[in-house]
Amino acid sequence: MEGPEVTDGDNVLNLTHLGLENLNLELVSENKRKDVQQILLPHNRLVVLPPLVASFIHLHLLDISNNNMVYIGEEILGLTKLKTLLAKNNRLDEFSFPKEMGGMRLEVLNLSGNRFEEIPDQFLQIPTLKSLSLGGNRLKSIPAEIENLISLEFLYLGGNFISSIPSELANLPYLSYLVLCDNRIQSIPPQLAQVHSLRSLSLHNNLLTYLPREILSLVHLHELSLRGNPLVVRFVRDLTYTPPTLLELAGRTIKSHGIPYCPWELPENLLRYLDLASKCPNPKCSGVYFDCCVRQIKFVDFCGKYRLPLMHYLCSPECSSPCGSTSHSESDSEDEVNVAARRMQKVLLG
């Protein structure tokens, strides 16, 4: 039997579409192993990698997609120069990898089309990771520890069973592309608006009924995909309004009327509470609110073509217009509409 094909100046070991069930790397000479930078193994029948793969000390890319892989052992840890690991469409799950991967220098990890029910902790130990793809798995949640991937730019989690988005995603300073389509997400955390590097946000085919108004502050967002969501208007008067507490009423009175006070004149809990005031977004209202507020859906134009329902928080039911959830209301801010149209250059709704 002839040895595996080594091409492109002895840098690429190409073994695609050969129906291999076992990988005999002993046929590759020791000198050649040191030169190989890419190993391509897609469309075979491999179940595991042989330990000898660790001898490819200059390997940058390993593609084992479209096999029957169930396990990737600790030999992967010996590939200290590995930047890209592609293992799409296998039978891998959260128990298929070494428990400690923090020493790896991976930048691209694609494990879409496998059997993951949760994102393994060891993936969240790789600070160099720039691209993580786990689409088409069985994920039910995104762990808060996702914030540990401080270099992450691309996150693909489409086609899972995710129902919520953790606010910790806002702590990823370089995140530019976030794909969460085809899940079961019902709401977007307002903190997501802090990801100012975000350029593309795919949320189509979820269970969204509104968007938080904070999304307007995503100044670099060029693509927003929302097709296939209910986006059902929920009228504010259909919601139960809980009366403010005495503490909130006191805070509102002081803030709204600008009543002067000295620190020793007020209880300590009220002093701390006053710092938590939020201004009512109704331009005709000068009031504030703390814990008690009324939710209102307001439509905002994007690109002069689409109208998106954004969630507003008002200080009381009196601040909501009877027409607040129709095409225009008296409390609509033309500035917000113009800014939104300018910032959202491409809204994918169809």
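Cβ atoms here come from the backbone N, Cα and C positions, even for glycine.
Pulled from Swiss-Prot:
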REPEAT    14-34  repeat 'LRR 1'
REPEAT    35-56  repeat 'LRR 2'
REPEAT    58-80  repeat 'LRR 3'
REPEAT    81-102  repeat 'LRR 4'
REPEAT    105-125  repeat 'LRR 5'
REPEAT    128-149  repeat 'LRR 6'
REPEAT    151-173  repeat 'LRR 7'
REPEAT    174-195  repeat 'LRR 8'
REPEAT    197-218  repeat 'LRR 9'
REPEAT    220-240  repeat 'LRR 10'
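Long-range contacts of the repeat 'LRR 5' (105-125) within the same chain, counting only residues at least 6 positions beyond its ends with a Cβ under 8 Å from a Cβ of the stretch, are 65, 80-94, 97-99, 131-143, 145-146, 148-149, 151, 156, 159. Sorting each residue of the repeat 'LRR 1' (14-34) by its DSSP state yields 8 helix, 1 strand, 12 coil. Proximity of distant same-chain residues to the repeat 'LRR 2' (35-56), defined by a Cβ-Cβ separation under 8 Å and at least 6 residues beyond the stretch ends, is recorded for 6, 8, 10-26, 28, 62-73, 75-79, 86.
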